[in-house]
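Notes for the one structure printed next.
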Amino acid sequence: MLDSKLLRTATEQVAKGLAKRGYELDVAKIQALEETRKAIQIKTENLQSERNTRSKAIGKAKQAGEDVAPLMQAVESIKQQLVDAEADLARVQTEWDEFVKAIPNIPADEVPEGKSDEDNVEIRRWGMPRSFHFPIKDHVDLGADLGGLDFDTATKITGSRFAVLRGGIARLHRALAQFMLDTHINQHGYEEVNIPFIVNRDSLFGTGQLPKFEEDLFKLTDDREFYLIPTAEVPLTNIYRDAILEDNQLPIKFVAHSPCFRSEAGSYGRDTRGMIRQHQFEKVELVWLVQPEKSDEALEALVAHAEKILHDLELPHRTVVLCGGDIGFSAAKTYDIEVWVPSQNKYREISSCSNVRDFQARRMLARFRNKETGKPELLHTLNGSGLAVGRTLLAVLENYQQEDGSVIIPEVLRPYMGGQEVLAPVKQ
């Protein structure tokens, strides 16, 4: 959530910043609400002053033995006017709050101009896509031949955009998640957290999914307003909602492996085949909480940590910085890491890493105590995938496939697979 004071005092500057992401700030509404608020505030202050003056006059009239009934009536009238004015002020404040909740974050100055993912800017590549001397298969056909990836059964059990993983592929999927966790914990210094997979509205508001993106969420059908998490970012970041951390506790670096649940309401007809876009998938999530002056540096470190997983798996990938028109609602700056998918002959997103600055912290009232001033200040929060496990699985299957339909297991995963080196096709 943006700073209300900034919106009121630097409206044109904010509007210019938001225009980079293609968002048109309703400047007229801000001005109208502010004028109304000020008018009611002035009216309230005048009524309070008049009430105080009349109250003093009543005291003097009583001492003089005069009739105070007219003065009492006037004071009662003023009290009712004050009640009405305070109610009007509350209504204006509610309208303002709802208005501000729907405004996205301001992109960082260095975020490139652009309207869509076509305008994102590649900043580096790692590895060369493999040249195959045989007709390649996609992960759906490979998984079926390996006897471990079954979309038809998942559709029978639940519906479309779900998968059943079995045998070696299920084990490989688990190995990937474990490898990611171990790397981030042992090499990058993250604290592992086992989090709830169900959260309340306050948590989803804190990280920016609510109220704007409710249709993308799976909601439990009872009166408690619980939701399945769309990402572990939600519970991880909310750990310090309504909290004040000491400066020496920072940075906070959390990692969690969890299922994620998304309705994909706006993705009808997109990526309907395979594991690219699922209603349920697993992800290893990275979350940072830092002092404001350290968040830019933290974002670069977070991205490097996610890239390290792909380096170790020897999967070709590239990193792009998202343009203003493609960054998410809460983000000030985002890098996407895209892995090479041979069957599609292109790079596909496998991680999105964002600096949210104080946008979430203001919604959550997540703060730290500045060691210089001793006063609480808003934290900066960051998040990123380290990585999406299902998409990493499909990248391994496709990039490591062999002509006979087998799949070589990446060397770094073999200790998690009991030393197994190859997934072999199931004989029909």
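The chain as shown is numbered from 1 upward.
Cβ coordinates are placed from backbone N, Cα and C, and glycine is handled just like the others.
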Swiss-Prot annotation, L-serine site containing Thr231, Ala232, Glu233, Ser385 - matching residue among Glu285, Glu293, Glu297: Glu285
CB contacts for Glu285 (L-serine binding site) [other CB atoms within 10 A, all chains]: 27
Listed binding-site residues (Ser263, Ser351, Ser352), ranked by Cβ neighbours within 10 Å, top entry: Ser351
Those binding-site residues, out of Thr231, Glu233, Glu285, that come within 10 angstroms of Arg262 (ATP binding site) at the Cα: Thr231
Spatial neighbours of Ser351 (ATP binding site), counting only the binding-site residues Thr231, Ala232, Glu233, Ser385 and Cα distances within 10 Å: Ser385
